[in-house]
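Worksheet: the structure to be examined is printed underneath.
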């Protein structure tokens with residue numbers, strides 16, 4: 001049983017006790033008044049009966065006296081009749097229906113209790129409905145908040161993707177422009193080298209003559225390898241130092257392979273540019289020869 005029901009029961013018991021005491025006092029006062037009224041009515045009836053008897057006796061006495069006066073002495077010898085006095089019974093006052101105040105109080109208390117119970121049930125039903133509505137409202141709010149969070153995350157991801165695409169596009173454009181600039185620079189450099197290629201060969205021959213004996217390609221390779229290759233001294237190294245040395249050697253090999261690949265690509269590009277320039281030179285020479293022949297024929301004419 002909850003605290004509210006206990007308080008309600010205590011209040012109802014107090015109200016019942018007070019109403020029972022008040023009704024009992026009222027009932028006693030009504031009984032006292034009713035008894036007093038009955039006694040007064042009974043006393044009044046007796047007085048009225050006595051008065052009627054007295055008046056009747058006086059009337060009878062008066063009649064007898066009148067008769068005696070009329071009849072004279074002859075009638076004096078006759079016995080006087082005894083007057084008949086009927087027993088006058090006072091009217092009986094009906095008691096009426098007796099009111100059961102306990103039953104009325106009990107019914108009233110039952111009615112109040114039923115009304116209070118219905119009010120309590122209605123209150124709890126309304127409270128339950130309000131709690132259910134509050135829970136559903138909280139669920140809707142959480143759902144909307146989760147949907148808004150998902151939309152925000154999607155918008156952020158889409159924005160990041162657009163930014164990455166823009167950066168990638170800008171980087172590609174920059175690389176393309178840089179590659180074109182490098183190609184143009186290499187072409188110009190190759191063209192200048194082709195123009196000075198003959199002088200370079202002559203200078204190289206002169207330097208070789210001055211140095212004396214000409215080195216072969218194999219000797220050049222051995223010399224370069226001897227300069228690059230270092231003595232590997234690992235006898236005095238521990239495990240960690242050996243691991244670091246291995247990482248260093250691996251990095252050097254990686255760098256050499258990268259340089260080799262770059263040199264190969266550079267050699268291919270230079271070879272391609274040389275072929276292109278050579279073809280251009282041949283085309284220019286053919287055009288210049290045809291123009292010179294035309295001028296000569298024209299001059300002889």
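Including glycine, each Cβ sits where the backbone N, Cα and C put it.
Going by Swiss-Prot, these are the annotated features:
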REGION    1-99  region 'Disordered'
COMPBIAS  1-42  compositional bias 'Acidic residues'
MOD_RES   2  N-acetylserine
MOD_RES   2  phosphoserine
COMPBIAS  50-74  compositional bias 'Acidic residues'
COMPBIAS  82-93  compositional bias 'Pro residues'
REGION    125-223  region 'Disordered'
COMPBIAS  125-186  compositional bias 'Basic and acidic residues'
COMPBIAS  206-223  compositional bias 'Basic and acidic residues'
MOD_RES   207  phosphothreonine
MOD_RES   211  phosphoserine
MOD_RES   216  phosphothreonine
MOD_RES   297  phosphothreonine
Ask   = Looking only at Cβ atoms, how many others are within 10 Å of the one on residue 216 (phosphothreonine)?
value = 9
Ask   = With DSSP helix as H/G/I and strand as E/B, how many residues of the compositional bias 'Basic and acidic residues' (125-186) fall in helix, strand and coil?
value = 62 helix, 0 strand, 0 coil
